[in-house]
Amino acid sequence: MSQFGYKGKGLEFLTSNKIEIGNQVKIHADLIYSGVIMPRYEHSDDHHIVLKLKSGYNIGLELDKIKKIELETTSAIKKEVIRRSSQPNPKLPKILLLSTGGTIASRIDYRTGAVTPALTAAELNASVPELSIIANIDTEVLFSEYSENLLPEHWIKIAEKLDSYSTSEYDGIIVAHGTDTMQYTASALAFSLAGFPKPVALVGSQRSSDRPSSDAALNLIAATRFLIEIHSPGIFVVMHNNSSDDEIACNWATRVRKNHTSRRDAFKTIGGPPAYIVKANSIEKDKMFDIPKREYVPKIKFDSRVLLIKYYPGLDSKVIDYATDSGYRGIIIEGTGLGHVGKTMYAAIEKAKKNGVFIGMTSQCIDGMVRMTVYDSGRDLLNLGVIPLGNMIPETALVKTMWALANSKNSDEMTKLMKESIALEFSD
Amino acid sequence: MSEIQIDKIGLLVGLEIHQQLATGAKLFCRCRPIESDEYSIKFSRKLRITSSELGEFDPSAIFEKSKEKTILYSRNPESSCLVEQDDEPPHDLDHNAKETVLIMASALKSNIFNEIYVMRKLVIDGSNTSGFQRTMLVSTGGNIEVNGKKVGVQSICLEEDAAKLLQDSKDTREYSLDRLGIPLVEIALDPVSGTPQEIKDIALTLGRMLRATKRVGRGIGSIRQDVNVSIEGGGAVIEVKGVQKLDQLEKVIEYEAKRQHGLKIISEKLRTLKTEKIIVNEDVKNVIDIFKNCKSKIIQKSLAEGSSIKAMKIKGFAGMFGWEPYPGIRLGKQLGELVRFFGLGGLFHSDELPNYGIEELEIQQIIKILDVGSNDAFIIVAGNEKKLDIVIESIIKRIEDAKNGIPAETRAATITGETVFLRPRPGSSRMYPETDIPPVIVSNTEIEQAKSKIPKSWEENLLALQKQYELNQQLSAQVFDSEYLDLFETICKDKKIPPNFVASTLCGTITNLERQGMDSGLLKTSDILEAFSLVIDGKIAKESLEMIFGSIMSGKSKTISEAIRSNALNTIEDTELHKILDELVESSRKIIEEQGLRSMGPLMGLAMKTLRGKVDGQKLNQLLENKIKIKIDKK
């Protein structure tokens, strides 16, 4: 049993002294300390209590050293005041902000002491008042999760929500999303909502919005400008283009990858420049970027029985056998170089194919095309029925396979879908 | 105007010392703290204001935000990484820095917490890329003994040093990241009453205690004193930041005492006057048309930049802006400082006009437009339209505060020992827990270990230094208190050079050159080491060091070898030396015949003319004497 992280001796101490979190107290120990009792992180021990001193510093006081605790006033913690955003201006374009969680909306979590998704979309809008000058922003909280906790079911939820707004009055939609799996969600939306008539920007932040240097605000402002100034339909990932606060890249959903654990400019378009770059006074389009016209027919279904596997020297082919035996319907291989795996894999691949498992080949090189006709090993794999997937990013290929499996009647149709460009997933 | 009686105003001064630690790493990454001037990585940022965990905004952060500057950063990958760039979470706390602060806290008998929380102290002027300084309260209480009296310790914190400001212009501010993240110990002492000299003694004693740990940085900027100054009945405590030298400390305290007491006198007088609140819509007017042909350079410049010009009437304030209870202390100057910190050039007030190119005709027009009565005062201020309203709001607030005496603010020490407005006093709402780092646990074993490592006292250290290097007491004290102790010990390690000479060069020669106006900052530690090793190897003469250091400190030479070359200081070969001396003795035959050995003096003088710095003085003396003797004997 724990309360605000206090358990065992610590909790007993507080209850027996009738002290609650947020109380202003005076503690007699080696010296006398005045301050506010703060919550304690869940993974901490039970023989300290946390006090916020007048100076703002938090300290941990050892229970054994406390001689007396006196209550001064009851609640000192103020509820966060959310300033109402300014009155909507009917002349401005309308934007919808869907919140799903992630660093863009994080504040301290007293359960673990780390940051956790907590800010609602409304709070976010209020904390970036510049937004109200360029657009009227409505907000809606879809869920509040770290993106590593998202499942294909969450993609479906987001896609269905977007679909419900496909003919709405909104000029565009922002999806606030954790960065860890943002590229998967982006691909999932790009395939399931191919031809979506409105611009959609997935926006995240690498540095949480509770710090003055957060990249969240600028990413949001740039995304809003991109949606209302360019009107380019489709799904984009809008994040910093470099470490400076001066360029924001709009990356096309199926061509983007998180390439750094912490930098602001972690998201890169693979194999070319970003589709658009938002600068202080202009938005520049990449000359080569062009969205094919496509009728909007939403296909919001995924089959998650797909395995993404990286080949490496010594990989046990039993992994593939296990997938086949467990009913997996697709395997995406991150092969070496131009798209290879060692001979030791052949038997397992053959068996999988015989059982109707789709096997697609991408490269672990990340950049460049898969060409399986250059070496014998590539040709062997082609003969076994492995489908080369050009320069599709492995993660995109995984999502596309989940989507294609759920939206095709048989394996021929499935293979055709995989080879066809649905959402600019090939960039050759 | 009168003389201030500093012992009668209830002056209280609390010292806050910030000492860089020399742990060889930054506090939250393993980058080496080195100073550089080449930065291969550049980036720019904007900082935003955020609320505290209790949901409040900090007043100094709101103020800083109102200035809205773009921050440019320059970084050298040798001295900083993605952590300083705020593109990577902090690494673990440097254990060396942790141990050092525990030793210092133990030496000051301070109560150390078993659980330390790293906090983010909001600082959005750009000096921290993250927008906050990481800081942790390590201990409270304790004391230090100064001249037989105990001075209480309030708190000891371990924190990160800030980035170094390279440039501050109207819309941008530029920092280098070399210094960002260097561990810093902050020790705040109880406020004490005493003369500025006594306060200086406290700072000196504390500084000596810190240096005795041999784990602190030395050199200018490695120790900074902040002082919290208040006077009786004055109200607010004023925090003065950035006193770098002890001599400056005394002056700053004197100035601040005078300023605060002056403002108190002004407030008392204001309370006797019939003043009225300033109403923005009535008393503030746009007056740009009046100044279209104004001769004032400041106004001309503002017009050229497309600025707006506004005038403001202050009822009942006639004469109050220019009145000086003490020389140089007046309300007008306080307002000037305030607007300058918004990036404006300054303001004009009615007590100083006509002047600065503003003429009677323009003044009359303002009086008319604002309906300024004989008891009223007015202010003229020019600047960017968007900014101007914020500035005017601050001016009004400051004028209203003037009645209450001394407004709480943070001020900066100037090199001349005055103080200028820096920002409003920050509060506790600028603290937020650092979510990237779990609480730091301090075990009782660690505290016991720290206690066992408490350094020897200053006196004991001096005795040891005296004994080891055979220095006299004065010289050993000078070495110990100087920034050169480590360097001194390095140079004298092998005893190849007399320690007395090294000590007097480091503490005497260099200081003398500084007094002549030269900059010791140009002289790098590596330069000094190089020069002494050249002396040890006999490549240059001892006597040449002054010229070499002078050459570098005056900016004439960049390196030791350059200084040697430009001053032609290479030692000469013995054969060459003999030849020169032989020629000299030969041509001075007459003097030698007349004066015998007494001719040494004048001849030595002649020899030094050509040989200064190229030959060891003693050696030259010996050789010349021999040659003269031979000459006499031959005779």
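Glycine residues also receive a Cβ, built from the backbone N, Cα and C atoms like all the rest.
Some features that TrEMBL has for this protein:
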ACT_SITE  A:THR103  active site
ACT_SITE  A:THR179  active site
ACT_SITE  A:ASP180  active site
ACT_SITE  A:LYS258  active site
DOMAIN    A:19-71  domain 'GatD N-terminal'
DOMAIN    A:94-284  domain 'L-asparaginase N-terminal'
DOMAIN    A:305-418  domain 'Asparaginase/glutaminase C-terminal'
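Cβ neighbours within 10 Å of A:ASP180 (active site), excluding its own Cβ and spanning all shown chains: 17. With every protein chain in view, the residue among the active-site residues A:THR179, A:LYS258 whose Cβ has the most Cβ partners within 10 Å turns out to be A:THR179. For the domain 'L-asparaginase N-terminal' (A:94-284), the model's pLDDT averages out at 88. Look at A:LYS258 (active site): DSSP puts it in a strand. Each residue contributes its Cα atom, and for A:ASP180 (active site) and A:LYS258 (active site) these two points are 7 Å apart. Secondary structure by DSSP for the domain 'Asparaginase/glutaminase C-terminal' (A:305-418): 49 helix, 21 strand, 44 coil.
Taking the Cα atom of each, A:THR179 (active site) and A:LYS258 (active site) are about 8 angstrom apart.
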